[in-house]
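Pulled from Swiss-Prot, these are the features on record:
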- 2-89: domain 'Core-binding (CB)' (DOMAIN)
- 110-293: domain 'Tyr recombinase' (DOMAIN)
- Arg150: active site (ACT_SITE)
- Lys174: active site (ACT_SITE)
- His245: active site (ACT_SITE)
- Arg248: active site (ACT_SITE)
- His271: active site (ACT_SITE)
- Tyr280: active site, O-(3'-phospho-DNA)-tyrosine intermediate (ACT_SITE)
Amino acid sequence: METVNNNLQQFLHFQKVERGLSNNTIQSYGRDLKQYIQYVERVEEIRSARNITRETILHYLYHLREQGRAETSIARAVAAIRSFHQFLLREKLSDSDPTVHVEIPKATKRLPKALTIEEVEALLNSPQGRDPFSLRNKAMLELLYATGMRVSELIGLTLSDIHLSMGFVRCLGKGNKERIIPIGQVATEAVESYLANGRGKLMKKQSHDHVFVNHHGRPLSRQGFWKMLKQLAKNVNIDKPLTPHTLRHSFATHLLENGADLRAVQEMLGHADISTTQIYTHVTKTRMRDVYAHFHPRA
């Protein structure tokens, strides 16, 4: 008998090979579904997907709430479970889709935190040295703020993606979707300086074409970038909550605050749905209200 665990491996393979989803998305699916399957097998004592019912899933969601999971976390789990069971039905590995009448809890969209322009300038000016690490860190921060790309896209850049003389970079976003993003003079100079005077020294005996590397000469990881960002933010006394996406959020917010077209920002960010980009318009409206309340004599 085919087990639910076997089905999970088939599902993840399909998402990677057939749909071309990113490794981060695959890992997220895997984490949520492994927890779900563990519950189904251990608590409900179900081994086959054909025996999973709507009640099974509702029990699992109740279990997540008892654990104190946030609605956003539960909504993500339901989305993964639904996608999994739809796949099983399509592949005739199940007789029905038990998620049909299971509603996804509405997750309240939290507004992304953006740095002020002054905070961004302080952060970007923090790597001051001419050593390879300072040149690398400066190039990464300038490029992130200049393009709004995701950290996973930044660390995935290869030498053939960088077109400094033409003023753009090419990056592969979610689902391997390619996009071309313009970059300004400051970011161009920072990347040029790193490539000319930093990368070669960090590479040591390694041989690959990733742009940003660690002290072993290997491609930099997300964890490596995150560690660097936290340290630099601490150096310039930025005490706001930071995430690896902070500069991406700041890029979008500052463009819109200065009158950029929403569709153009959507394209640069690589958002499939403009409603995702519209979150940033709420950020700018919140900022406007704060300015009004602070400076208007009759506010």
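Keep in mind that glycine also has a Cβ here, set from the backbone N, Cα and C atoms.
Known features from Swiss-Prot, placed on the structure.
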{"residue": "Arg150", "record": "active site", "contacts (Cβ under 8 Å, 6+ apart)": "Gly173, His245, Arg248, Gly270"}
{"residue": "Lys174", "record": "active site", "contacts (Cβ under 8 Å, 6+ apart)": "Leu21, Ser22, Thr25, Gly270, Ala272"}
{"residue": "His271", "record": "active site", "contacts (Cβ under 8 Å, 6+ apart)": "Thr277"}
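Comparing local CB density within 10 A for the active-site residues His245, Arg248, the maximum falls on Arg248. For the domain 'Core-binding (CB)' (2-89), the DSSP counts in helix, strand and coil order read 69 helix, 0 strand, 19 coil. The average pLDDT computed over the domain 'Tyr recombinase' (110-293) stands at 88.
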